[in-house]
């Protein structure tokens, strides 16, 4: 039974072709391309307004040099939101429940922020490893602790996204299984459980969007330290 619950996180295949590739490419064809017309439809207008507000909120604390990352990080956030929301549909696969995929997003972007900091302002970047006013006997220990915390950042990014989505999917499947089992035995309890399932699904929609935003927000904070 436990194996069946975790089967939903296995990458499906069709004719020995992994369908994770299709799941990763699908969001790119769902969003309309911006047009050069002065008047657009409501969906494109709403999309542009949401992107502008999110970009302003994320990058207003950054210096001018960090604004070059706006297109990349906002595109990544929209991509993650699309993958997370599409994974909530029945009979679908969520690529962002795979730790390997999330680490493939987290490690290169985190490493790029670190390299930018070491290249542009090496003294300040290395100064983050040692807080000001540290007693001399604690200097080696604090440098080791701060270095470990620096290298844990990409792991925390990937694990946070994976764990939240995996826990939500497992909880939805457990409650849905309980509804099907209880329906012929105790219909009233089954209806109440289905109501909980509906509320949990709404919560998972919010979690899918929030986790993508938090992923990009933390990357922007790491970038802020290095620019």
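Glycine residues also receive a Cβ, built from the backbone N, Cα and C atoms like all the rest.
TrEMBL entries are annotated by machine, without manual review.
Remember, predicted model here, so these are calculated numbers, not experimental data.
Here is what TrEMBL says about this protein:
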- 12-31: transmembrane segment (TRANSMEM)
- 69-89: transmembrane segment (TRANSMEM)
- 101-118: transmembrane segment (TRANSMEM)
- 138-159: transmembrane segment (TRANSMEM)
- 171-199: transmembrane segment (TRANSMEM)
- 205-223: transmembrane segment (TRANSMEM)
Among 101-118, 138-159, 171-199, 205-223, stretch most in contact with the transmembrane segment (69-89) (C-beta, under 8 angstroms): 205-223
Positions on the same chain near the transmembrane segment (12-31), where near means CB under 8 A and six or more residues out: 47, 78-79, 82-83, 86, 92-95, 98, 101
Cβ-Cβ under 8 Å with the transmembrane segment (138-159): same-chain residues at least 6 beyond its ends: 99, 102-103, 105-107, 110-111, 114, 128-131, 215, 218-219, 222
